[in-house]
Amino acid sequence: MCNTPTYCDLGKAAKDVFNKGYGFGMVKIDLKTKSCSGVMEFSTSGHAYTDTGKASGNLETKYKVRNYGLTFTQKWNTDNTLGTEISWENKLAEGLKLTLDTIFVPNTGKKSGKLKASYKRDCFSVGSNVDIDFSGPTIYGWAVLAFEGWLAGYQMSFDTAKSKLSQNNFALGYKAADFQLHTHVNDGTEFGGSIYQKVNEKIETSINLAWTAGSNNTRFGIAAKYMLDCRTSLSAKVNNASLIGLGYTQTLRPGVKLTLSALIDGKNFSAGGHKVGLGFELEA
């Protein structure tokens, strides 16, 4: 088993309590299906933003060649951007994944791509991404070490065109079955931390704190999720800007999920400007 998370997944449980079950200011529909054999997967989503009226959508198809560990993914969105991803996993070595990710914009002819590699084991995970740019690619790298529940991570990016580090981040945390602690420092100026607690089978809570050196702008938030039953959940969160988020998620039937959410400005309650959201998830 390769259970060590990537750098981006550190503190993920706390982030999920804050982010999942909400969709303020939009109507969203997600559709997912796959072939009987599981070799082909299809997904599409559409968003309509209530404040601007702008709509967007995307389509993704995925084809797996399991005997060779290959996965081919095609992506398209309403901005007419085409993406192709080819990944090869667990064949050269257990836990090793190699990926080629390309993007093409037909309207402008713009092309871009990345080469990605990651390797995960029980006590560590490492990875690197390289932009395909002959004028001077940017190299991204990260590493996470795990020991008896403790996690330490480092993330960097190096701009070869300017020969300097453009990102320099550190993280430290602790992970248990029902408790997670995560702290991070980005570029020596941005500090943050989060705490996740699974109180019982029905209640999850999270606290998030962040601040920037040389600034009085401190961000603080509390979030909670409560499972009414196996099909229904309530979510709530509030931050120090007096923004209150409420969410209701109901599984109407297997594969059909409804989400209702609202964002309330507590400082200007009578002035309006609040946002509501509606989401449908369909899976077959």
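Each Cβ is built from the backbone N, Cα and C atoms, and glycine gets one as well.
As the structure is a computational prediction, the values presented were derived from the model and not from experiment.
According to Swiss-Prot, the feature N-acetylcysteine maps to Cys2, an assignment based on similarity to another entry. Residues or ranges marked as phosphothreonine in Swiss-Prot: Thr4. Swiss-Prot lists Lys12, Lys15, Lys20, Lys91, Lys267 with the feature N6-acetyllysine, giving similarity to another entry as the kind of evidence. Summarising the annotation, Swiss-Prot assigns transmembrane segment to 39-48, 55-65, 70-77, 81-90, 96-105, 138-146, 151-159, 190-199, 219-228, 232-239, 243-252, 274-283 (among others). Positions annotated as ubiquitin cross-link by Swiss-Prot: Lys54, Lys110, Lys111, Lys267. Residues or ranges marked as NAD(+) binding site in Swiss-Prot: Leu243, Ile244, Gly245, Ser261, Ala262, Leu263, Ile264, Asp265.
For Lys110 (ubiquitin cross-link) paired with Lys54 (ubiquitin cross-link), the C-alpha to C-alpha distance reads 24 Å. Beyond its flanks by at least six residues, the transmembrane segment (243-252) meets 21-22, 24, 223, 231-237, 258-266 of its own chain at Cβ-Cβ distances under 8 Å. In three-state terms derived from DSSP, Lys267 (ubiquitin cross-link) belongs to a helical segment. Ile264 (NAD(+) binding site) counts 18 other C-beta atoms within 10 Å of its own C-beta, drawing on all protein chains shown.
Annotated NAD(+) site Leu243, Ile244, Gly245, Ser261, Ala262, Leu263, Ile264, Asp265; additional same-chain residues within 8 Å of its Cβ mean position, judged by their own Cβ, are Phe24, Leu246, His274, Lys275. For Ser261 (NAD(+) binding site), the Cβ neighbour count at a 10 Å cut-off comes to 21, with all displayed protein chains included. If you take the C-beta of Lys20 (N6-acetyllysine) and look for same-chain residues 6 or more apart in sequence within under 8 angstroms, you find Ser235.
With respect to Lys111 (ubiquitin cross-link), the closest of these recorded positions in Cα terms is Thr4, chosen from Thr4, Leu243, Ser261, Ala262, Lys267.
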